[in-house]
Amino acid sequence: MPKPTDRSPASVELAVSNPAERDLSGSIGRIPYLPWVASALLGSGAAVLLGWVTVGVAVAAGWLTMTRLPPTTVLDTIAQLWLGLHGVPFTVAGLTVGLTPLGLTGLVAVAMAAVARYAAGQREDDGQARIRTAALVAGTCTITYSLLVLLLASLVAPPRQAASAFVGAVAVAGTGSLIGAIRACGVRLPIGLRAALRGTGVGLALLGLGAAVALLIAIVTHTAQIGALQSAVAPDAVGAVLLVVCYLAYAPTLLLWTAAYATGAGFTVGAGTLFTPWVAVGGLVPGLPIAGALPTVPPAQGWVLLLIAPIAGLAAGLAASRRLDRLEPGSSPAERTLVAALSGAGAAAGFLIASWLARGSLGTGRLVGLGPRFPELLVNGGLPIVAGAVVAGLAHAVWRRRRPTLIDDPQLDETAPFGLV
């Protein structure tokens with residue numbers, strides 16, 4: 001007779017995929033075109049060259065209309081302007097300029113971010129190694145760029161300027177390289193920090209947009225004054241192009257001055273001057289056509305400008321709280337409020353630091369101490385942004401507490417496995 005046998009079914013492993021996940025089964029490993037070290041070294045050198053060439057093209061264009069100047073003077077002007085983009089007071093035509101062309105500085109920082117991103121992309125690391133890779137790549141790019149700047153500055157400038165250029169190069173290259181390396185390596189920051197950074201970016205963007213609108217209104221309403229100064233300067237075609245380049249180089253500075261004006265702290269353009277929504281005390285101002293946009297009397301509806309900073313804070317707090325709600329749906333109201341407050345503090349800190357960098361002088365006479373007023377800006381600019389972010393975080397937390405959580409509905413749960421809802 002047949003004997004019974006054990007026919008227990010073999011275990012079968014089933015796996016369910018999420019349609020939101022990327023299919024990596026057919027992906028091909030990244031093939032590096034250059035070793036990451038070579039990419040960092042060559043890219044950092046190219047960034048140094050970018051700053052030098054950008055300044056050199058503008059100066060060379062101006063030289064075409066003044067060919068009587070000796071080439072040594074032109075090269076010295078290029079060197080001084082190149083030092084200036086690293087935050088070093090520079091001398092042009094006998095005038096010492098202490099205002100940093102933040103537009104050129106930002107261009108170099110973006111270039112260093114691209115260099116670090118490309119260099120980090122030549123390595124493939126997983127897990128905790130990504131943080132180490134990001135730090136290694138950013139450090140290599142920063143050190144290379146800074147040493148090249150120090151070497152070149154030592155050849156074309158006095159030791160004091162060379163040392164200041166090295167410090168500025170470390171700050172510019174370090175900031176750009178770190179951002180680029182972190183993004184390239186896919187470093188996963190804590191959820192709360194990611195949400196706060198999103199809010200910080202939104203707040204700064206809205207603050208910049210408000211300042212841009214206010215500056216545009218000032219230019220449109222003072223076209224006659226600007227035109228008169230333009231006629232007095234009477235630049236030729238090349239001079240007009242150089243004037244536009246100058247405006248672009250100092251566009252971030254103009255926006256920061258306008259933002260400081262909108263907060264109520266105001267700014268000065270020399271000794272004895274003050275411009276706020278309530279006060280307009282003029283005096284000796286720079287002889288640029290854009291100076292015609294300075295108000296001669298306080299605007300009638302100047303109080304409207306005071307809404308820009310709180311609205312930027314509200315936007316920052318709301319964006320951070322909503323981002324945290326998506327990344328961690330179970331977060332408590334206290335966590336949402338805290339993240340919103342951090343986003344507001346980040347936006348305020350970024351604005352205050354940039355405003356401090358936008359200060360400077362033109363010469364050593366009356367045009368000193370130009371830029372946003374401190375410590376007034378700490379109160380008028382920082383507190384409204386932080387307060388607005390906290391209010392937005394609290395409001396969003398209360399609203400989410402009273403509103404049914406969408407994630408409880410399986411039809412709206414994007415994290416649920418495909419086919420199980």
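Each residue, glycine too, has its Cβ placed from N, Cα and C.
The following features are taken from TrEMBL:
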type	residues	note
TRANSMEM	33-66	transmembrane segment
TRANSMEM	133-157	transmembrane segment
TRANSMEM	163-184	transmembrane segment
TRANSMEM	196-220	transmembrane segment
TRANSMEM	240-262	transmembrane segment
TRANSMEM	274-294	transmembrane segment
TRANSMEM	300-318	transmembrane segment
TRANSMEM	338-357	transmembrane segment
TRANSMEM	377-399	transmembrane segment
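Counting Cβ pairs under 8 Å to the transmembrane segment (338-357), the stretch among 33-66, 240-262, 274-294, 300-318, 377-399 with the most such contacts is 377-399. Segment contact holds for the transmembrane segment (300-318) and the transmembrane segment (240-262), given three or more CB pairs below 8 angstroms at sequence separation of 6 or more. Here the transmembrane segment (240-262) has long-range neighbours at 58, 61-62, 99-104, 106, 207-208, 210-212, 214-215, 218, 233, 275-277, 288-290, 305-306, 308-309, 351, 354-355, 358, 371-373, 377, 381, meaning same-chain residues at least 6 beyond its ends whose C-beta is under 8 angstroms from one of its own.
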